[in-house]
Amino acid sequence: MAAAAASRGIGAKLGLREIRIHLCQRSPGSQGVRDFIEKRYVELKKANPDLPILIRECSDVQPKLWARYAFGQEKNVPLNNFSADQVTRALENVLKPEASTED
């Protein structure tokens, strides 16, 4: 799981500075992201207490995962119509070493 991967320090080795998740409070396209937050946010945060994990809700916004790395590099992944499991896999992908390139 992403929380376990991050707790092993993988994110730290990449220079991962912040994770942001943008979603809509009501849209069907953000349902999987809302499910992910309800089911997995606490575990993820407990495994990564020093990593800022920001949840940003905004009406009619397309759900998206942002990872900010050292030197201002960012990676983003659209999450529209993803299930909670797909959101988990997207998060795991941004924690991989090859993910730390600018998008």
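In case you wondered, yes, glycine gets a Cβ from its N, Cα and C as well.
Here is what Swiss-Prot records for this protein:
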- Ala2: N-acetylalanine (MOD_RES)
- Cys24-Cys58: disulfide bond (DISULFID)
- Lys64: N6-succinyllysine (MOD_RES)
- Lys64: N6-acetyllysine (MOD_RES)
- Lys75: N6-acetyllysine (MOD_RES)
Provide the number of Cβ atoms within 10 Å of the Cβ of Cys58 (disulfide bond), excluding the reference atom itself.
-> 10
What count of other C-beta atoms do you get within 10 angstroms of the C-beta of Lys75 (N6-acetyllysine), across all chains shown?
-> 17
